[in-house]
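Trainee: Before I ask anything, let me first share the structure, which is written out below as structure tokens.
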Amino acid sequence: MREWKIIDSTLREGEQFEKANFSTQDKVEIAKALDEFGIEYIEVTTPVASPQSRKDAEVLASLGLKAKVVTHIQCRLDAAKVAVETGVQGIDLLFGTSKYLRAAHGRDIPRIIEEAKEVIAYIREAAPHVEVRFSAEDTFRSEEQDLLAVYEAVAPYVDRVGLADTVGVATPRQVYALVREVRRVVGPRVDIEFHGHNDTGCAIANAYEAIEAGATHVDTTILGIGERNGITPLGGFLARMYTLQPEYVRRKYKLEMLPELDRMVARMVGVEIPFNNYITGETAFSHKAGMHLKAIYINPEAYEPYPPEVFGVKRKLIIASRLTGRHAIKARAEELGLHYGEEELHRVTQHIKALADRGQLTLEELDRILREWITA
């Protein structure tokens, strides 16, 4: 597998989430936490969005983080001038190239190339130390020849080009094929960034395929928040990559902080962490079926793709249910210092199953039954 970096966009894409209304202090808290976690880039809202957005960009850029603070702006000279003045370490330009977005802004491909070069040239002269990325908005609904013409024209002048699945329609195969083609056009010097929306549930798979094909940067947000259904979630992306590059991922990021990041942003935007959320969801490491419970007691790797403790969470064994088995009951009894013969173990297991048929038992109720069974 290739090396890659994360551009976390919780403070840009995430601010476009319906329920998000981050204060300056919220943004500072998120940025510092992401920096401690090990995120390489933190993307913030365009400073031309509002007076407060500009102030926030300046504050975040001045924090002295290890992560590079970058801002995301439309490819316009006026926006670029403001972005340079904020002191950010990177400027991410975007220009719509699909027929839908060209109809909205009224430029054809030659005009897009001309204006992009003008804005890039300004940034290079005004702030030569700043990283520049150019992204074709709505990449995957753009004509391929148009895309490649734009990327080829700007590649000599930028550090990175971006591919954006703006409405989440791309398939993993499409992402792989297009990233490979863009890599061929821009050459080995220019980095490639992937930004994938999750409207059709492919954001994580698409991010992975982008890396497989040669992308070097992937955009994420905490909990995947963003416009509409959001984008590639940080936790989900790391779950995917950990199964393939465990040592690499563990070396780069302070993974045990992930629950803290998810809780923090959930609190700030007023939502609950989904029960089935990657890694930090309530049921992410729950085991209930008897066959699963037996295997987990013997070797957790049998039914877990990664150890929960790596990410600072714990597994949950649902022993007191109709699906339980004698191996799970025996293991729980032994944890309580209780020991049954084979016949008694079978009988108490069947008794617990019958009780659970009438309603879910709590662990406390199970423990009471096991203790009383010994003394009965």
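Yeah, the Cβs are placed from backbone N, Cα and C, and that goes for glycine too.
From a predicted model like this one, the values you see are computed outputs, not experimental measurements.
The feature active site, proton acceptor is assigned by Swiss-Prot to HIS292. The 2-oxoglutarate binding site feature in Swiss-Prot is assigned to ARG12, HIS72, ARG133, THR166; the stated evidence is experimental evidence. The Mg(2+) binding site annotation in Swiss-Prot covers GLU13, HIS195, HIS197. What Swiss-Prot lists as L-lysine binding site is ASP92, SER135, THR166, and the listing cites experimental evidence. Under the heading domain 'Pyruvate carboxyltransferase', Swiss-Prot lists 4-259, citing sequence analysis as support.
I would like each feature placed in context: is it buried or exposed, what are its neighbours, and how far apart are things?
Mentor: Mapped onto three states, the DSSP output places HIS292 (active site, proton acceptor) in helix. The local packing around HIS292 (active site, proton acceptor), expressed as other Cβ atoms within 10 Å of its Cβ over all shown chains, amounts to 19.
THR166 (2-oxoglutarate binding site) counts 26 other C-beta atoms within 10 Å of its own C-beta, drawing on all protein chains shown.
HIS197 (Mg(2+) binding site) carries a strand DSSP state (E or B). Around HIS197 (Mg(2+) binding site), taking its Cβ as the centre, 26 other Cβ atoms fall within 10 Å, counting all chains.
In sequence order, ASP92, LEU93, LEU94, PHE95, VAL161, GLY162, LEU163, ALA164, GLU193, HIS195 make up the list of same-chain residues 6 or more apart from SER135 (L-lysine binding site) whose Cβ falls under 8 Å from its Cβ.
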Trainee: Counting every protein chain present, what is the number of Cβ atoms, excluding its own, within 10 Å of the Cβ of ARG133 (2-oxoglutarate binding site)?
Mentor: 26
Trainee: Please give me the recorded positions out of GLU13, HIS197, HIS292 that lie within 10 Å of THR166 (2-oxoglutarate binding site), comparing Cα atoms only.
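Mentor: Those close enough are HIS197.
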Trainee: Measuring Cα to Cα, how far is ARG12 (2-oxoglutarate binding site) from HIS197 (Mg(2+) binding site) in Å?
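Mentor: That separation, Cα to Cα, works out to 14 Å.
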Trainee: Between the Cα atoms of HIS292 (active site, proton acceptor) and ARG133 (2-oxoglutarate binding site), what distance do you get, rounded to the nearest Å?
Mentor: 47
Trainee: Which residues, in sequence order, are found in the same chain with Cβ within 8 Å of the centroid defined by the Cβ atoms of ASP92, SER135, THR166 at the L-lysine site, excluding those residues themselves?
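Mentor: Going along the sequence, the neighbours appear as HIS72, LEU93, LEU94, ARG133, ALA136, GLU137, GLY162, ALA164, GLU193, HIS195.
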Trainee: Let me make sure I understand the structure: which of the binding-site residues listed (ARG12, HIS72, HIS195) has the fewest other Cβ atoms within 10 A of its Cβ?
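Mentor: Ranked by other Cβ atoms within 10 Å, the binding-site residues ARG12, HIS72, HIS195 bottom out at ARG12.
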Trainee: Using Cβ atoms only, which residues of the same chain lie under 8 Å from GLU13 (Mg(2+) binding site) while being at least 6 residues apart in sequence?
Mentor: GLU43, HIS195, ASP219, THR221, ILE225, GLY226, GLU227, GLY230, ILE231
